[in-house]
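S.K.: Sharing the features that TrEMBL gives for it:
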type	residues	note
REGION	A:1-164	region 'CPSase'
DOMAIN	A:1-130	domain 'Carbamoyl-phosphate synthase small subunit N-terminal'
BINDING	A:45, A:213, A:215, A:241, A:244, A:282, A:285	L-glutamine binding site
ACT_SITE	A:240	active site, nucleophile
ACT_SITE	A:325	active site
ACT_SITE	A:327	active site
């Protein structure tokens, strides 16, 4: 079966359709890492987006449960130049069958580089994926609002049984963030982002990790003052959307990048040390540096290529945020030490508390 | 951080002659480094005695010393030049070893020379296996159980603990020379013995064999600030056990999960940090195919063959950036030169697949041992890029320029399946084709995986090619649709393959494709997978997608490159192509380079205005010309490879600059060539053309023995042989598979002389004239030669120049060609006219100051001879220059080192001086560096009948003694420590003995003239060792 991806600028790209026939609209985004398709398609930050892989050969090592970042494929559609259908490792399943099981279509045999050039030149766009050629009657707007004031699932899940108790504020976290905490012997409470402050305080967590998540941080505007209160009372660490949310909570503005940063090769400079390191990134929105004047926050990391804000710290509070993904998965594992720093900050604070 | 203050003059060490394991990649990295340093305003002094390189061009550095790469020589250069810094990490293992020796000798400290980039302690820590293992243990990086041994006894002790198989790796050797995998004690003892002798410090690492693991490499860079990046990772298709230089390699890795990819990336970075590398570093891993357990195999703290490959595969110029890091820049302050907008501190993202296949010399050396192992044997490599792995493989296969039928090696089709299976297990240079053959015979990927341990992914890729081939054969041309044809093209099938499947002509497919608008697209290698705009014109073709923008639109000319380095077609042709590109640019043209050799300067995207990484077939070239809108090409500089496609290009309407294809054919076809000579009144060598084997002895009888047999259109004298009598001839005809017609020449015994000629058909410039030291019967590439000649009378030289002029005026040819002459007594014969640049062009250009290739290019494009003002450029050739060949026999067991009309050498060095003897000494010293030291004397084994030709006293005065079979049996002599040289001057030397001596790094002399040259050298050695400098 053939299929077509049509961009809202009118360009269309044909390919071979895998999976059940359905019609989808979603923001078209591209990922430039050469490995990591298992992690990418299951990363909740890609929720509802149509992902284009720049690397043309996808699927060579199948999909293994231990690598996936959430229980299902989060992307709405997957676009590849070539989908591998040969032998894979024992115990893995093919990407095609994994996607089919999740009801997510894959379009293969597509001129992905041209799509990326379109997005690069025209900026991020809505796109339409369907087995047939006709254009959609109505272009839906790009979905950016993934949060409501009322969260359906209000349950708090607890994992691990360590000395330190971390609250993971769940904006749809990647499982490797949780894994990094568990690896460091933390007890982790997964907190609904709508959790009332009283209920949070009752948990007596030692610190908060504001997770990654999809879409526009402004969708969580209603909670900014609450989060600021939390961050002023708990050692806090924000990742990706968590970083944007914390920055916003302290008064910063966010803006949308022309076509986002999604890849495993983004250099960032640590302003304090001058060191440059490679980071894994996946974001459309960015904290507007000029708006930081209105906040107590200072820049910790910047992007080497476009100078955008990649991390912040609070000069007097134990609050650190990063736009990139220190948990990697996929991508370079160069920033795992940020988890160690978060933990040691909490430990120091605890010590002070005990001694005080 | 800005560049280091206080560094104004830098000495760069080159890698010397091309040998297996250290080849053109160091011209590429050395040239980049020299240019990068000059860009910083530094005064660059270079020492390298390899004349065929771009890096030794006057314009690349400020001063060049063509000196042997010894501690004494470099110390003398340091004393004279007083450089502030030394860059030793772009000259391969030779450069690194020399820097360590200079540091140990206290030379660097004495003259206050700072080692730029990675410091000595770090280099030692990476190179010395004991120190390295200790550091890895500290870091918790797994290394296979191993032991450092200095003797057979301790090696056996280790074997008793660990068990076989074991790997033997000698310390500080090139391309893993002297090592191997031992399955049993006997092999083990022989490998350790060989390894201890190969290692300059008589040290070997013996380690547990992890053969069968995936072999993965990372190219890592680090700056003084501690910022680290991995430019590229690569996966070897051949599992651990075959040297990476002999492995088929793909980039990026294909079968590693993200977690594995980053596990090894993190490990690479931890290692480079712990070592404190500043610059580039190569890290090799063995990864268990199932458990993700890994071992570290090796770290090379310098640029390497792999870094050249990684640079070409990604567009990231590793050597250039490494040189900048060495003078104090940080990665984050350097721009990524490909995009021009992003920075060097990032990791390239590829959106295509890259395949490298080694090019082995066994098409030429059929008797050498072609089995692959831990010791590298390839002379060169090809690289291909496409958006599907299948197409990349097929492009790489086409690029090899060997006689194939698509992806099939015809010789294998007659072999029984069980023989092929054995060949798949044992792995020689034909393994890829063995796998194809087995798949064609219905073996499954699983069967092949069980035989070879190759990851199923790669076997699946090969199988898709085979399956598609079988599907295509079942179809007919008349039923072909554009969609179906595109599918075949997207899997990499050439028009020629398809034509064969459907028994039609390739031009029919070409024509139909054009009418269907089925043409390849051209994509840019931009380092960033299209994330950022890039205006670099570095292209590859693909049948999967549409074309990128091609910037620039001046009038254009394409230069056809020479493909992979092989015996007889070496780096000199790359030198010529690069100069042609420069000339085109000077003349206001856009120069478009087409080539597929990842090691060379010509495939540096910064050299030409546009670079296309493509196979050198007519179809691939015509597609590029079509895309570019080019109608004029230059084929004179890519050796035989570019010449071989000229006819098809011309047929397709392309103008071959300089001459019509008919002229090229006239010179290449021996019959037509002799007719040409006759027509212009020149004597030709008596000869006949034999159309079948039966005619050969008849003609030989008519001509009288000895006779020379030669096929037409060959590289490096391939298939040429001298036969002395009927018996030899009959024997030879029986064992050789000849393609007729074959030329039977009267074999002339005499003195060979050659020259490169610039001509516009009217005016002629005869460049440096080279006199060959060895007489006829030795390939010009393997003989020592000297320019200007020393034993020819002025009259003889005049006759020669007049003859050259006479020829040029009678050829409708513009550009550069080479004439090989021979004097038999007083009679001058023209043996060969090569209507293209030759091996001597770089030397000739360098010793005369007349840039032959640049001028030839100008002539081809219509410049008048007068405006070139050659007389003004010509320096009068103030010095004598000697070229000496360098062989790689030590890497090629079984290859006979006996000089013959078939070329064997892999490289060359020169020595220059106003005194011819001194020039000779320098050249021979440079050529002997890999061989037994002649300075200290020793024993020479000589076959009894050769004694009469030798003046023993000269040798004895210099501490040599002679052994013959009578005084010490050859086998016993071979076990002595004092052995240095083997001499057999009989007409049919003992091949077996000669080969055994050569593999032990001994001098092997089979010609009287060679012995005489070395006799003079030894005689003068003591005068020379005090550090003679070039003027």
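Yeah, the Cβs are placed from backbone N, Cα and C, and that goes for glycine too.
Computed from a predicted structure; not experimentally measured.
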S.K.: Provide the three-state DSSP residue tally for the domain 'Carbamoyl-phosphate synthase small subunit N-terminal' (A:1-130): helix first, then strand, then coil.
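M.R.: Breakdown, helix to coil: 31 helix, 43 strand, 56 coil.
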S.K.: Where the record says A:45, A:213, A:215, A:241, A:244, A:282, A:285 bind L-glutamine, what is the longest distance in Å from one Cα to another among those residues?
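M.R.: Max span of the L-glutamine binding residues, Cα based, is 13 Å.
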S.K.: List, in sequence order, the residues of the same chain other than A:45, A:213, A:215, A:241, A:244, A:282, A:285 whose Cβ lies within 8 Å of the centroid of the Cβ atoms of the recorded L-glutamine site.
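M.R.: Once A:45, A:213, A:215, A:241, A:244, A:282, A:285 are set aside, the remaining close residues are A:171, A:212, A:214, A:216, A:217, A:240, A:283, A:284.
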S.K.: From the Cα of residue A:240 (active site, nucleophile) across to the Cα of residue A:285 (L-glutamine binding site), what is the distance in angstrom?
M.R.: 9
S.K.: Tell me the Cβ neighbour count for residue A:241 (L-glutamine binding site), meaning other Cβ atoms within 10 Å of its Cβ, over all protein chains shown.
M.R.: 30
S.K.: Please report how many Å separate the Cα atom of residue A:45 (L-glutamine binding site) from that of the residue listed as 'active site, nucleophile', as a whole number.
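M.R.: That comes out at 9 Å between the alpha carbons.
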S.K.: Using a Cβ-Cβ cut-off under 8 angstroms and a sequence gap of six or more, which residues of the chain neighbour residue A:244 (L-glutamine binding site)?
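M.R.: Within the chain, residue A:244 (L-glutamine binding site) has Cβ neighbours under 8 Å at A:217, A:238, A:254, A:283, A:285, A:286, A:287, A:323.
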S.K.: Using Cβ atoms only, which residues of the same chain lie under 8 Å from residue A:327 (active site) while being at least 6 residues apart in sequence?
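M.R.: Non-local contacts for residue A:327 (active site): A:174, A:176, A:177, A:179, A:180, A:239, A:336, A:339.
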S.K.: Quiz question: given the binding-site residues A:213, A:215, which has the greatest number of C-beta atoms lying within 10 angstroms of its own C-beta?
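M.R.: By the 10 Å Cβ neighbour count, A:213 comes out on top.
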S.K.: Average the pLDDT scores across the region 'CPSase' (A:1-164) and report the rounded value.
M.R.: 94
S.K.: Within its own chain, what residues at least 6 apart in sequence put their Cβ under 8 Å from the Cβ of residue A:325 (active site), listed in sequence order?
M.R.: A:174, A:212, A:239, A:240, A:279, A:280, A:281, A:282, A:331, A:335
S.K.: According to DSSP, folded down to helix, strand and coil, what is residue A:213 (L-glutamine binding site)?
M.R.: coil
S.K.: When a 10 Å sphere is centred on the Cβ of residue A:285 (L-glutamine binding site), how many other Cβ atoms does it contain?
M.R.: 21
S.K.: What's the number of neighbouring CB atoms sitting within 10 A of the CB on residue A:240 (active site, nucleophile)?
M.R.: 31
